[in-house]
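Just below is one structure, and these are the notes that go with it.
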Amino acid sequence: MLTAITRAFRTPDLRKKLLFTLFIIVVFRIGSQLPTPGVNTEAIRQAVEGARNSDQGQLYGLVDLFSGGALLKLSVFALGIMPYITASIILQLLTVVIPRLEALKKEGQAGTTKITQYTRYLTIGLAILQATGIVAMAATGRLFPNAPDVLYKTDMFTIITMVVVMTAGTSVIMWLGELVTDRGVGNGMSILIFTQVVAVFPAQFWAIYKTKGAFAFALVMLVGLAIMAGVVFVEQAQRRIPVQYAKRMVGRRMYGGTSTYIPLKVNQAGIIPVIFASSLLYLPVLATQLWPENKWMIKLQPYLQQDNAWHMAVFFAFIIFFTYFYVAITFNPTEVADNMKKYGGFIPGIRPGRPTAEYLDYVLTRITTPGALYLGLVSLIPMVAFALMEATNDFPFGGTSILIVVGVGLDTVKQIESQLQQRNYEGFLR
Amino acid sequence: MILATAIVLIVTSLLMILLVLMHKGKGGGLSDMFGGGISSSLGGSSVVERNLDRLTIGTGIIWFASIVVLGLLLKSNGVG
C-alpha cells in the first residue's frame, strides 16, 4: 500500500495530477471558510452554535453536509455544488421528457457537450435563485430566528453585492471541478463533494470525544468502520454474466473465440438515487421557509423533521423508485444484446437477439432489488440513529456521507491505479 | 472606499461568471460523477482555451482580493 503511494508520487505524470488536485482542494477549502463581505462573522458563529443544538440544525442537515458547513457560515462558496447537482438532476429528468434533449443525448459526444453547457447555464440560474433566498433569509433574520443581526447592513446595495459574490462563487466552484476533471485525478465535482463531506469529520469526532468520552468515541469509530466495510463490500459486488465470442476468420487471421463477462453491479446506480431523493425532499422544506405563514405549510411542518416516520418512509420509497429509474436510464439491455450479436457474442445457453435482451433485463431487475433495498437502508441509518438515541447531530457517519465517501474514494483510487498500471502492475487494490 | 471596492467586486464577479461560462464544459454531468465513467477528456487545450484560463485566473485573483479587502473594511467600519 505505502509503496504504491510512493510509486504514484514517483511517476512524474501522476505526481503532477495529484498535486494539482490537492491544490484545487486547498483553494476550495479556503473559499469555503472566507466569509462573504457584509457578514458579521462573530455573530454568525454564535448563531450557528445555537442552531446546531436546536431542531433547526436538522432541517438544513443534508444541504449543510454537501456544503461542508459553508452554507450556515454564509461563506463565498456557501452554495457549494448544490446548484450544479440540482441542475444536473433537472436536465437528466428532462432528457426523458423532452424529445429534443433526448435526440441530443443520442447524438454522442457533441450532443453531450451541449447538454453539459445547458447544465452550466442552469447552474448559474439556480445559484442566483438560491443565493437570493439565503441572503434574504439572513437579512430578515429568518435563517437564524434567535440571532437576527448576522449582517452589518441590510440595505439594497450590500445585499446585491452578497448575492452577486455568492453566484460568482458557485461559478468558480464549477470551474474548479472542471479543472480537476480535466487535469487532475478523478471526477472533479465528486471530489469536491467528497472534500466537503470529509471536512466536517474531524470536528465531529472531536466533539464526540469531548462530550461523550473515550469509550463512546471508540464505539462510534468501530461502528463507522464496520458500516464502511459493509458498504465497500456491496459496492464491489457484481454478477458476471459469461459471454462467449465466436471464432471468425478475417482473411488469414483468426479473431474472437474468447470468453469474457458482462459485469452487472448490485448497486448499478451508485449514490445518485440518494441524492435525487434528498434533493426532492428538500423542496418542501424550502417552501416552508419561503412562506412560513401559509396554513398549508404549517400543517406540513411536522412531517419534514428527519425523525418523522412518514418522512423516513417517503425517503425510502423515493430511493427505491429512483434506483430502478436510474438503472433503466443508464443500462439498456436491448442495446447491449444488439451489440453482442453484431460482434458474434452470445451468452451460453441463450439465443442472441431478443432472448438475450430479455435475459439481461431479468437478471438486472432481480439484482437491482437488493441493491435498492441496501441503498435505502444505509441512507436511513442516520435518521434511525437520531430517532433512537436522540443523538441529533453528533453522529458523523450518516448513511449518505458514507455512501459518498466510499463511492468517490473507490472510484478515484481505481482511476489512479489504472494510470499506475500504464507503467507497472502492482497497484493499491489486489 | 467601501463603495469603490464593492463596485470592483461586483464587476469582477460578473466577469468571473461570464468567463467560466465561456469555458467548454468538461464535467460530463451526473452519470460519471458517482461511480463509473471513463475519463474522456483527451486532447490538449487549444490556445484560446489557454488564454481564457489565464484571464480567468487573473480575474479570480482580483475577485478574491477584493472580497478580502471589502470584508475587512466592513468589519472595521461596521458596529459588530
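Even glycines carry a Cβ here, placed using N, Cα and C.
Unlike curated entries, TrEMBL annotations are predicted automatically.
TrEMBL lists A:81-101 (among others) with the feature transmembrane segment.
The annotation transmembrane segment is assigned in TrEMBL to A:121-144 (among others).
Positions annotated as transmembrane segment by TrEMBL: A:156-177 (among others). Panel annotation: around the transmembrane segment (A:156-177), residues 24, 27-28, 31, 36-39, 75-81, 83-84, 120, 123-124, 127-128, 131-132, 134-136, 139, 188-189, 191-192 of the same chain, lying at least six beyond its termini, place a Cβ under 8 Å from a Cβ of the stretch.
Below 8 angstroms of C-beta separation, residues 21, 25, 28-29, 32, 65-70, 80-81, 84-85, 173, 176-177, 180-181, 216-217, 220-221, 394, 396, 401, 404-405, 407-409, 411-412 of the same chain, each at least six residues beyond the ends of the transmembrane segment (A:189-209), sit close to that stretch. The transmembrane segment annotation in TrEMBL covers A:189-209 (among others).
Summarising the annotation, TrEMBL assigns transmembrane segment to A:215-234 (among others).
Here TrEMBL flags A:269-290 (among others) as transmembrane segment.
Here TrEMBL flags A:310-331 (among others) as transmembrane segment.
Annotation source TrEMBL lists transmembrane segment at A:372-389 (among others).
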Cβ under 8 Å, sequence separation of at least 6 from the ends of the transmembrane segment (A:81-101): give me the contacting residues as numbers and ranges.
63, 66-67, 115, 118-120, 122-127, 130, 170, 173-174, 177, 189, 192-193, 196, 275-276, 279, 329
Folded-back contacts onto the transmembrane segment (A:215-234), same chain, C-beta under 8 angstroms, at least six residues removed
205, 208-209, 266-267, 371, 374, 378, 381, 395-397, 402-403, 405-406, 410
